[in-house]
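S.K.: Sequence annotations record features per position, and here Swiss-Prot assigns active site, charge relay system to SER181, ASP433, HIS458 based on sequence analysis. Taken from Swiss-Prot, the feature disulfide bond covers CYS217-CYS375, CYS235-CYS313, CYS266-CYS346, CYS367-CYS397. According to Swiss-Prot, the N-linked glycosylation site annotation covers ASN103, ASN234, ASN339, ASN348, ASN418. The region 'SKS domain' annotation in Swiss-Prot covers 196-337 and is backed by similarity to another entry. What Swiss-Prot lists as signal peptide is 1-21, and the listing cites sequence analysis.
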Amino acid sequence: MGRCSLLLLLLLIAFLTPGAANPVSPSLRAPSSLPWSTSFRSRPTITLKYSIRYIQQKVDHFGFNIDRTFKQRYLIADNYWKEDGGSILFYTGNEGDIIWFCNNTGFMWDIAEEMKAMLVFAEHRYYGESLPFGADSFSDSRHLNFLTTEQALADFAKLIRYLKRTIPGARNQHVIALGGSYGGMLAAWFRMKYPHLVVGALASSAPIWQFNDLVPCDIFMKIVTTDFSQSGPNCSESIRRSWDAINRLAKKGTGLRWLSEALHLCTPLTKSQDVQRLKDWISETWVNVAMVDYPYESNFLQPLPAWPVKVVCQYFKYSNVPDTVMVQNIFQALNVYYNYSGQAKCLNVSETATSSLGVLGWSYQACTEMVMPTCSDGVDDMFEPHSWNMKEYSDDCFKQWGVRPRPSWIPTMYGGKNISSHTNIIFSNGELDPWSGGGVTKDITDTLLAIVIPNGAHHLDLRASNALDPVSVQLTRSLEVKYMKQWISDFYVRLRKMN
């Protein structure tokens, strides 16, 4: 696989599933001006209790020649649900096992009682247990042909109609879509395409504009670099210089063996191509650390300390060091991400994130609809220079899957930046999150709202409340609940008028 497309693909796999320089909303500067939601006070860890259920879905919602169906998995929790004045909070599943996303979306559980909400977590087709063709689902592009955002949204639509029809008391209840990362994109698009089924959507860390020249391709890597620059003196500069240090050592007679031993690699480097793979892996590691730069210990992609970027930067205080020292510093920094638990005996360049993410499914989506360009120049960012090469990317996709990407289809389907006719969507983005560069970070209308979260990483607002949360994310969650309650109020006003 080509260099630029491999890096993009690795980034997208870590996605899941965004502008650091944007001004902070005045409301975020005055947290005392908004009543705090009682849902976010310090509380003991909640035990998640849900039922696992399945619904038969059509493999193809839009054609009439295929009658095949499959079982879509979904989770449902109704502990706090009330028929009178209640709500349905519907999580639009990402590119992975839905139980994993359920366990990492504590915000919904935190507000369930206050919102009198039934919680529904819908698994995305081709991920987790929701496989349209079972073991053959990833065998070729013919079986993968039904892995599209449109088909996934149709699954969600049918599931909502089914729940309202079969659960007593749910028929006239409003539904709010929620999601983070790719799931956040789906939540926003779901509100756009099915406004009669959901009264609003919370799209957290949803880079809906990371497509087809809607934003510069280098914005992602620039934000990663800013995170590291702000987290330690000389940190980003040291990383920028580290690539040449690796290259110089690799060219020496015993360089590959020395690098393998110094970095404690599980699989030794044996050829020059392995060096590029090593650097790709290291690059993705720094990206992932920036994404999950949470203010407390976490275990989202990997077990990590609080503020992991700052911890990593402790090993990059000095940029003018011998190459061997630089590589030893790289090893110590990599250990923060891959061996915080202290149990790893070696570092595996094939490992970057949790196995709960669906690698095969996402690589196909990245080769069809979800074409999200990234590039770097090595000057305004800390990575090696790599341009975006659409032809190379397309050729790699064709070689792997036998398909050609359609980079303009998502903007065509969902409107690109021309979305002002839609309503009731909250776009929340953390300033630390690289994906914020492709997200909506300024209000579009009075009902298409943007919240930029200072000191916030990838969909931090969707995570469970924590005593170490910055005030900015506490306020963000209260704002989100405030807007959702307004949508509910407006919904019941319209319902009474109809009756």
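Placement of Cβ uses the backbone N, Cα and C atoms for every residue, glycine included.
Provide an account of the burial state, proximal residues and distances for the features listed.
M.R.: Its own atom aside, the Cβ of SER181 (active site, charge relay system) has 26 Cβ atoms within 10 angstroms in the protein chains shown.
Of all the Cβ atoms in the protein chains shown, 31 others lie within 10 Å of the Cβ of ASP433 (active site, charge relay system).
Non-local neighbourhood of HIS458 (active site, charge relay system): GLY180, SER181, SER205, MET291, VAL292, GLY430, ASP433, TRP435, each in the same chain, at least six residues away, with C-beta under 8 Å from its C-beta.
CYS375 (disulfide bond) falls outside any helix or strand according to DSSP and counts as coil.
The DSSP secondary structure for CYS313 (disulfide bond) is helix.
CYS266 (disulfide bond) has a Cβ environment of 14 other Cβ atoms inside 10 Å.
In this structure, CYS367 (disulfide bond) belongs to neither helix nor strand by DSSP; it is coil. Counted within 10 Å of its Cβ, the other Cβ atoms near CYS367 (disulfide bond) come to 27, all protein chains included.
In the three-state DSSP scheme, ASN103 (N-linked glycosylation site) falls into the helix class.
In sequence order, PHE316, LYS317, TYR318, SER319 are the residues of the chain that are 6 or more apart from ASN234 (N-linked glycosylation site) and have a CB within less than 8 Å of its CB. According to DSSP, ASN234 (N-linked glycosylation site) sits in a coil region rather than a helix or strand.
Long-range Cβ contacts of ASN339 (N-linked glycosylation site) within its own chain (separation 6+, distance under 8 Å): LEU347.
Cβ neighbours of ASN348 (N-linked glycosylation site) (same chain, under 8 Å, six or more residues apart in sequence): LEU265, CYS266, THR267, TYR338.
All protein chains considered, the CB of ASN418 (N-linked glycosylation site) has 10 other CB atoms within 10 Å.
For the region 'SKS domain' (196-337), the model gives a mean pLDDT of 96.
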S.K.: Can you tell me how many other Cβ atoms are located within 10 Å of the Cβ belonging to CYS397 (disulfide bond)?
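M.R.: Taking all protein chains shown, CYS397 (disulfide bond) has 23 Cβ neighbours within 10 Å.
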S.K.: Give me the CA-CA distance between CYS397 (disulfide bond) and CYS375 (disulfide bond), in Å, as a whole number.
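M.R.: Cα-Cα distance, CYS397 (disulfide bond) to CYS375 (disulfide bond): 18 Å.
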S.K.: Can you tell which of the disulfide-bonded residues CYS217, CYS346, CYS367, CYS375 lies nearest to CYS235 (disulfide bond) in space, using Cα positions?
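M.R.: If we rank CYS217, CYS346, CYS367, CYS375 by Cα distance to CYS235 (disulfide bond), first place goes to CYS375.
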S.K.: List the helix, strand and coil residue totals of the region 'SKS domain' (196-337) as derived from DSSP.
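M.R.: Split into helix, strand and coil, the region 'SKS domain' (196-337) gives 76 helix, 10 strand, 56 coil.
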S.K.: For each of CYS217, CYS346, count the other CB atoms within 10 A of its CB; which of these disulfide-bonded residues has the top count?
M.R.: CYS217
